[in-house]
Every structure is written in C-alpha cells, then in structure tokens.
C-alpha cells in the first residue's frame, strides 16, 4: 500500500500550495511513508458491509430566514488583510506570462 | 493576601466576590502579578491583555456595587486558548501565519464568558493550529509544565492547563480535537472537559478538524469546570452543528454527586500494555475508592479502539488540509512574495511555506494524500468506517454501564524534546482520548494521584454517552471528594514551589 516517493510528495505539496524545499520534501517523504504504513491498519476492519460515518452526531440541514444578519463592515473585513485598496482585497497577478 | 486569592478556585473566588470580600480588580491584579512573576519560566501566555482586563474587572465591580444581579463566575479572571478569536486581542492559533492578526469579532464562547462577567486575562499558548500533544509545535516556543519545567505541559492546550496549574489564572477555555483539553489536564494535575460534540459552539474557534473539534473548560476543580460548562453550553445559530438540547445544570450534578449504584466500565484495551505502571496504579486506586463508595466496576471490551488512532490520523489531517486552505495570504495573516514577484499562486505557496511549521505541513500533506484520487477509498473511506465501528463499541458498552473509565494518557509528562523527532511516538499520546472525539461523546480528565516512579501527576478519564455530560460531573465530583479527603487537600497543593523551580532553573544557566 505504502511506498511514497519524493515526486509524490512534491506533487501533493503543489496541490496543497506549499512551496516546500528539497530538504523538507526529503524528510516528509520518509515520515509520510512511516505514518501511512501505520495508519493503513484501518483497512483491516473496514469491510464492505460497514457503513461510513462522517459526523459524530446525526444532523439535519439547518436553515434560517433569508434576512440580513449581523455582518462585518468593509473596514473590519479588510483590517487584517495584507493588502487592499479600501474596498477590495488586493492580490498579485492571477495568471503567469505563459498562461 | 494576593497569594490567598490565587489559591482560590473559581467558584470560591466567585463567592468571595459576591460577598464583597474581594474586588474583581484585586483578583485580576493578583493574576496579572502572578503572570508577571512566573510566566517567564512557564510561558503559558502568548498575549496578556492587562489594561483591558483591569478595565473589564472595574466594570464588573461597579455593576456589582450598583446592585446588579451577577452570575457565579462574574468578576473571575479567565485565560483563553489562542485558538479562539477575540475582538481586540491578537489571535495566532500558535502560528506565524497569523502573527499580529487582531480578529474583528469574538468567538461565541468568548462572548458568553464576557457576558457572564468573566475577565479575559489573555491568550494561551498551544501547538500550532492545535496540532500536537506537547505545545512544542507552537511557533512561539513551548510551554513548560509547572510541576517540572523541563517537561511538557501536554498539548495542544498546554498553555491553558499550565496557566491554571501555575495559579496564573483560576480557569481557562480550551479546545479538544483528539485530547487537547484532557491530556494537558492529565500531565498538569488539573481538570479538563470535552463536552458532547455540538454542546458548545465552535463559532470563532479556528478549525483544525471540524467533525472532531470541541471547546470546553480547563480548571483546577470539577465544580469550576461545571460552572464554566453551564456558561458556554448554549445553542448558537452561528454554528450549524450546535445542538438544541436543553441541558441540565452541570454545577447541580457536582453538588448532588453520588456514585452509589453507578456502573463504571473499565476499558480493557486501555488498561495494561503500553501504559506506565504509576499511571495504572493511580488509576486502579481511584477505581477502588469509587467501588468503596458504592459504584459497580466491571470490565468492558472495545475491540475497535485499537484502530481509532489510525482512523484519527487520517480523518483529522484530511479535514485540516481543507480547513487550512483559508490561509491563502489574501484576507488575513502573513503574505510572502517570492523574489521577483509571481502570480497569486506563487505568493500563496511561498506564504504557506514560510508561515506553517513542520507539523502543520506534515498533516496538510498527509491529509491531501488521504483525500487524493486513487487513495480516498482505501484511507479516508476506511477511516470513516472505523469511526462507525468505534461508535458501535461505545453503544455496546453503554448498554451495560453508565460511564467508561481509563487512564487519560499512557505516561506522565515526558521531557521536552523527547518525542519531537518521532511523529508516531507523539501521536500515541492520544490513544485513550481519541475514541471520544471520533464518536462525539463527552469526556473528563481529573487528577487521580502522583505516579510513584516520578512523582508527576496522573489523570483519570471518564467518558459518558453523547448528551450525558452531567454524568461526568457526577462521577468526577464524587471521586475528587474522595481523593481530596485522602490527600488532605488538592493534588496541586503537592506541586513544588514554582518560584523556587524558576530560580533554580535560572541559577543553572
């Protein structure tokens, strides 16, 4: 089941948007391999007839009336942003040159 | 005088405040002075809000003076785990990625304790995003156990537990995803409760794993935990998983505690191999006391608990990897722009590399793996099935017993650094606490004694069926009373003098 490669970890890191260094990828590859080998134990008892549980307490959808509730002001929402123009969050280019 | 104030439980302090014998400003100042004196050695706090605390205390004092009817903990100082957002106080969840962020709103639990007249002292240290069992994964340095400064205070909520054990605060708020309230209570000789999932609002709690996280009380006595539980255990329309139950008073359960005829199931899988002898000895001595008080002790089997830790370390990282996607350098927190600029994705990736610590990266990558196509059914899908099996074990056990009992964790506080380089060894600390989170059932840890081999605190854990939180307070309060009669006081009375420990540590440098 296991056998995680450095290439796989690098791919996972790009999916998770973390720019890992080569050293980080190397150590994570070893650690992940050990962890996954251990947690794969779940497959021993997870037989087809056992239903999955996603949530500890059974829940139903929760609805509310479609009315304006308490909301943050624009100033409050922008107060913690690394960059903004007074009414919107500001980010760098969405597309690179080759895109 | 200020020493006496510090030794009072939250309930005792509340009574003295109500009787006008002490003012909230005096009590708050005593806590602030204690923090100034010992937190250099303990490092329980990431932020101390001294001026705001004194102002809040003065406000409660004037309301009391004008004859306003106040609750039992009005005017009592409280420490708040840094996982809860606080308006006007920095909130980091122990991470560089949120350093300096001041949230624009209060978590519901923070709002409720403020409305109850409690006085927030500041924010307590924790493993980054609550990922750890020792606080060593805090980006701002580890917290030290007040019983032995070279040892872990537990985690992730080591700051809240240490603050309470060090008499810096009478009571605190914590969060428990796999044991982060109960395991720190175990290693610091304090009390911690994880309520039933949904009993306490998670609104404004920075999420690690949304189907496992729960907020709860951290205290020195069972009654204090109950009083805080009564304040925060309310339905909240901001949290769609918040239960609408009408809860009985937990404080009342403490005051009427009687275990005569109570059926206590000892979990066989958590009573033997892998557990330190002194932990097991304290555990069994506590059970003997309960039996002497009329409780029936029986052994129960929970065969699937063996798989709980594996399921947890798939479900928790999977949920965390998705919850932590919000730290994208756009709306709050750190932004790191790579040299020469880059697209928003480059900025995001550079920020997340610089802002997250190693354990957070490990869990995000593990969660991303568990959820990726081709592995989803084998790992995440199987883990969800194990969750069903663990719930069935609880259902079968609770058909025969009222509560379950186990040691809270396998060992007493280990040395700082001892397990830092071995993630799997660190994860095993949670072996006894994780099943409750998977099944959503409530749990308490309270002091059971000191381990003979190292003189460090040991906790005993009780678990109850979902929604039967009051039973934890019944059995916890009964045992606490029996033990304190035996000890001639509280377990924390046996803790070494912290001021001397700190002086000795500084002398050794």
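Cβ coordinates come from backbone N, Cα and C, glycine included.
Whatever TrEMBL says is automated annotation, not expert-curated.
Features reported for this protein in TrEMBL:
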ACT_SITE  B:81  active site, charge relay system
ACT_SITE  B:156  active site, charge relay system
ACT_SITE  B:180  active site, acyl-ester intermediate
DOMAIN    B:26-472  domain 'Amidase'
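Distribution of TrEMBL features across the structure.
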residue	record	Cβ neighbours (10 Å)
B:81	active site, charge relay system	33
B:156	active site, charge relay system	34
B:180	active site, acyl-ester intermediate	37
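In the three-state DSSP classification, residue B:156 (active site, charge relay system) falls within coil. Classification of the residue listed as 'active site, acyl-ester intermediate' by DSSP places it in coil, neither helical nor stranded. Each residue contributes its Cα atom, and for residue B:156 (active site, charge relay system) and residue B:81 (active site, charge relay system) these two points are 10 Å apart.
In this structure the C-alpha atoms belonging to residue B:81 (active site, charge relay system) and residue B:180 (active site, acyl-ester intermediate) are separated by 11 Å.
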